Amino acid sequence: MRMAMSCGGRLVQRLDFSSSEEEDGLSNRINEAPQKGSPVSSWRTNNCPFPITPQRNERGLSPTQELSPSSDYSPDPSDKGVGGECPGTPLHYSTWKKLKLCDTPYTPKSLLYKTLPSPGSRVHCRGQRLLRFVAGTGAETEDPTLVNVNPFTPQSYRQTHFQPNGKRKERPEDDCSSDSQMKFTDKEHPAVFQSKRFVLRETNMESRYKTEFLEIEKIGAGEFGSVFKCVKRLDGCFYVIKRSKKPLAGSTDEQLALREVYAHAVLGHHPHVVRYYSAWAEDDHMIIQNEYCNGGSLQDLIMENNKKGQFVPEQELKEILLQVSMGLKYIHGSGLVHMDIKPSNIFICRKQTEVGEDESDGEDDVASASVLYKIGDLGHVTSILNPQVEEGDSRFLANEILQEDYRQLPKADIFALGLTIALAAGAAPLPCNEDGWHHIRKGNLPHIPQPLTPAFLALLKLLVHPDPATRPPATSLAKNSVLRRCVGKAAELQKQLNVEKFKTAMLERELQAAKLAQDECLDLPPVSGFSCRGRKRLVGAKNARSLSFTCGGY
């Protein structure tokens, strides 16, 4: 690439740039002989050892206008150096070598160099980011210590795990600047974290629900919102997605929606509690990802039986009562109360077990051991020690809760469980108020059309006793002999099996000891001409034997 620089309408010097010898070509052309009559020739005749540039920016020109071909600025002939010989001041060779000619096109090598980022610069990705983090409100950005405080977390757990231990893990200096926010001082440790004010307004990102899940069908709707059966695109498994009907941010229902998330997070995983996986907010709506129960709810089973004129058998009623009481035992043991036990909040999980035709014993395809009953919908959960009661369905509400007597909150779940089993047994729908409602609160069960054993019927009456102190706790129900009879036979068989296994092990040990003794006897040399076989004697070998014959008919 060749370029001519003109000064005052005359050709001063030809420049030739190459992509591989940019600097060498520049230094070689400086020493080339200029044309006659050019200013460069006069510089050489005046014994000026280096090319001299005019005084720069004397007229206040910007750096982009100095010596620009498009500029109308021309050196003033009256501007002279010392003695009028050299117009300007001489530059050192190294400075001249680094001089950047203004408005000169870049060479391919220089353009490539300018495209490379500097070591200290940050590269901004123009494409779509796979992980997009959206900052919250200004208040949350300024104070990174704002987090949600779970009200159901035990106080002892907070004191044990939220206190700083004095050990601080330092991060390398080359980490991202955002990581520095993870370091907190003694005044900012999680024990003093404050709760966020606008929890549901911080995720304005692309819909996670549409990105991660494929909606199959709508399986229910309630006070909270709609419930959908979905498949997660990543693992291909079924999940239940609950989405609130209306925006909850800033409303009175926000804390009610968060209560279910808090309760699920504290309870963790239990075989008789619907499993919780995740929760997030989209467009001010709360979304909860839970376990999918393929058997529906107990309410669905009751409605199906009513259409067919059937009832849940007593053995299955005992199994439902036993499993739900085990779930309540776990919830109450965690310091929480459900406060909304009813058939629509008890879900059924059926294990998919394949039974061959030859192995079928004529019983139902699904045995009691292959069905799990789980407690779900924790939207009304509250703490036993610090109750903030939100009344559930009035049909299952205990009288002491209506009177705001919260001294024995877990017994309210027992009362609702007794009425739930009565409905599963075939009782008519429960009244919401008036005389029928008060009749049940006096300890009377609704009419059950199917016959039940006296022991089981007495247990159900005990569950709805008007005195909450008389009702059995969940721990006692889980061990009740009336409920354990359905599994007592299996326990007895298991005990007998263990005894037989022990006997078999003892016999095998004796057999091995006998074989070992026989092998040792065979390995010993014979003593006094006798062998081990000579020691055996046949009793009665030389004695006379009596013979008797019996002939029929004689």
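Using N, Cα and C of the backbone, Cβ positions are placed for all residues, glycine too.
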Range annotated as coiled coil - as stated in Swiss-Prot, picked from 409-435, 490-516: 490-516
Binding-site annotation, Swiss-Prot, ATP: partner of I219, G220, A221, G222, E223, F224, G225, S226, V227 in K242, K307: K242
Which candidate, of S38, S68, Swiss-Prot gives the annotation phosphoserine: S38
Least surrounded among the binding-site residues, given as I219, A221, V227, when other CB atoms within 10 Å are counted: A221
Predicted model, mean pLDDT over the domain 'Protein kinase' (213-487): 87
Secondary-structure category, per DSSP, in which E223 (ATP binding site) falls: coil
Helix, strand or coil at N345 (Mg(2+) binding site) [DSSP, three-state]: helix
CB within-chain contacts under 8 A for N345 (Mg(2+) binding site), separation at least 6: S297, H338, I375, G376, D377
Binding-site residues compared (E223, D377) - the one with the fewest other Cβ atoms within 10 Å: E223
